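Student: There's a structure below that I have some questions on.
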């Protein structure tokens, strides 16, 4: 992934040999070498800490599986001094149950926390037109009124719900905006404090329209409040039947509820272990009238989708000494094993990749001490297959920049596997949801972009599996090299009818779209519309970008078929144009640059892409 300007790494091979040769050899060798001052300081510190680490490592098997942290301190092994880590643990979903409960007269009595969903009144379209025409109107907040079971509960509480809504109008700005909440209302009865929170559902859509964005906003609000309120074992959510009948909305509510409660405790011990909504055992959904028949199924589907989102977060969050190409391949195998037969995993090793002529991918991988692992997961539906599609994720488990070494942000380069994470997360969700009619191939060319005396250097020429020669003018533009062979594999060997590819490919895309929006490059209008519609449902932001064909001139090489970078301008466009050289021209193909939205500087991995891919795959079988 090319983010910043690079500098020469002439001393890197020496540093690498020192690291591989062991501390004693390094210290012995320094008498014959001119060692920079910062290396001397590093060796001195390592001499102190290494002896302790060696003694600790001898007592623990190098093949010990990394276990889940608990409230008690646990030691764990990431790797030995001889071999990389071979497995990665997974974070479990919250143990709280989302369930459906029938409404009774005393439905709220046994709950520690009660949520009441309310609609915002529809805005007068005539008044909207007047405002658009510039006519002055009085600045009035829409009045939120209670009806049905919410009105009955408000009467039972002596109008307390109405009062707290009117007293906190700012929380319900523009009416009851989806996901907005009032402060907690505490009602004391029988020596116990009952807690109530009003949750906005937005304006009801026009007849026949879906509740777009409501599920994710409300699911996040419910999870956040269950976490913020202490000692909540049972919670209940009263909502209108019309909302509960929207299965897509309820699936999204469930998925967002569980993914909001996600926490990565794999590397925490003792008091550092965090458990959101620790006491919560159940959240029951109660509707006015009869519960819709598909509600339980939708909630279950949402929890399955959440397992994929959380898997995506786990992969992106994991440090490189835990997650490498070998442990990612192990993750893929375990995904297939847990799927009950709906997923099949094949791993191509170095030899198999050489046989297919994957010189671009292997050229990047050769500098790493970890063997490259070309991951291929196949989902096969029950019944007829209407369409066969491919989904590719960039799988750089760590990116130093190679000999064009990164001068900044290297500590974040564990997220350079964000595309692979989204693809494996989606594979897990698809394997659990089992959508009909679509055969999907999930492909990841996993490796690391490291520095060693075997590594590719600027000016090297690599040959991809379709025979095209590539002049490597920047080793920090390596992701597109691995994707080149993955694209050929999906196109030629698997003969997928449509292909989408996700990658944290360029910093240029982040410059253009910021950190919240994914860039989409495709010359197929139908595929562009498909992705646009999917993103509306999944609430993942994306924007179609131009494929300026004249920029192909910037990729022309003097001695090879193509070079791997253009100029400093239009870098995200030339990266997309480069990838098109490895897919048949008439085949629908989209490149999604997700460098921005996969990572949040405050919270870490976002899980971006898992829902998008899962929904896109599901729709291909319709």
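Numbering starts at 1 and runs along the chain as displayed.
Cβ from N, Cα, C; glycine included.
Unlike curated entries, TrEMBL annotations are predicted automatically.
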Student: Pick from 93-123, 124-154, 155-185: which stretch is listed in TrEMBL under region 'Disordered'?
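Tutor: That would be 124-154, the stretch labelled region 'Disordered' in TrEMBL.
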Student: Average the pLDDT scores across the domain 'Cytosol aminopeptidase' (474-481) and report the rounded value.
Tutor: 97
Student: Same-chain Cβ contacts of the domain 'Cytosol aminopeptidase' (474-481) under 8 Å, 6 or more residues past its ends?
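Tutor: Residues 1-3, 6, 360-361, 363-364, 394, 396, 399, 401-406, 416, 449, 455-458, 462, 464, 503-505, 564-565, 575, 578-579.
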Student: Summarise the domain 'Cytosol aminopeptidase' (474-481) by DSSP state, stating how many residues are helix, strand and coil.
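Tutor: Here the numbers are 3 helix, 0 strand, 5 coil.
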